[in-house]
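S.K.: Copying in the features that Swiss-Prot gives for the protein in this structure:
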- P92, Q93, S94, R95, G96, L97, G98, S99, S100, A101, A102: ATP binding site (BINDING)
Amino acid sequence: MDNSVRVRVPATSANLGPGYDCIGLALDLWDEVSVGVLDRPGVMIDVTGEGADTVPHDESHLVMATLRQGLVELGYPHPDAGLHLTAINSIPQSRGLGSSAAAVVSGLALAWGLARPGFPLDRSALLTMAAAIEGHPDNAAPAILGGAQLAWLDGEAVNHIGLTVNPSIVFRVYVPDRLVPTALARQVLPEQVDRVDAVHQVLAASLLVTALTTSPEHLLAATQDWIHQPYRRALMPESAALTDRLRGRGVATVISGAGPTVLALGSRDQLEKVSDVDTAGFVAHDLVLGEGVHFF
């Protein structure tokens, strides 16, 4: 029995405008997490990087809690064993870059490594488990499978289709200092939307798949949103203003996930041409698509 496991899990950006709760992509920004079995009960948790001073250092830590749940579900003979968790975090937390999905996915992958040593990850099983915990698969699917994913729930089953992103498309995230809890970003959404807005949303979401894969010249139109970003503007005015500035320059730009990070996507030339846009209060990262969670 192998008593230590290490995994890398990517940041993810969900929604991409109109693909609310169903489209997401993995980016090459990583958390590296390892676990070792102790010869005594209890837990040790060491965190460096993002969240080091804010995340809990006990059993309530999301990676640890998910790891414990995964050990039980996978039939590990000692699910209450003492564990030493080490996390080196590069994914900003509560910024709309899938930090909670990364924690859930890394916990489940670590559990798999302990319970099934030597066996490759069953990504389908991990996705089912992660979606059950998260409640929606838009971040979990790319975190596990990598690349861009269209994912949806059918009862308890998770379906997904990988999207082959046009190689000309690159990504830039603008990460602000401020946080916006996902729960708060969901609370401001209306229970119902106008039918005209719904029709526009369906059109844009359909166009988004084509724009991402074969026709990137349509990305600006394909990333327009009517059902969630307008209602969240008041929670993240700086992010909304930056999105407006970049879109006004012709660059496809959205709020990443529940925000407040801003995601711009297009060709390298397009992104270089907006390097002069005022981004005070944000840190920019140029990224490409990432692979899914993996042992290393």
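Glycine is no exception: its Cβ is also placed from the backbone N, Cα and C atoms.
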S.K.: List the same-chain residues at least 6 positions away in sequence whose Cβ sits under 8 Å from the Cβ of S100 (ATP binding site), in sequence order, or say none.
M.R.: L62, E134, N139, T182
S.K.: Starting from the ATP site formed by P92, Q93, S94, R95, G96, L97, G98, S99, S100, A101, A102, give every other residue of that chain whose CB sits within 8 Å of the mean position of their CB atoms, in sequence order.
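M.R.: Apart from P92, Q93, S94, R95, G96, L97, G98, S99, S100, A101, A102, the close residues are A11, I91, G257.
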S.K.: Have a look around G96 (ATP binding site) and count the other CB atoms within 10 A of its CB, chains all included.
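M.R.: Within a 10 Å radius of the Cβ of G96 (ATP binding site) lie 31 other Cβ atoms.
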S.K.: For a quick check of packing: other C-beta atoms within 10 Å of the C-beta of A102 (ATP binding site), how many?
M.R.: 31
S.K.: Let me spell it out: for each of the binding-site residues (P92, S94, G98), count the other Cβ atoms within 10 Å of that residue's Cβ, using every protein chain shown. Which one has the most?
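M.R.: Comparing the binding-site residues P92, S94, G98, the most crowded Cβ belongs to G98.
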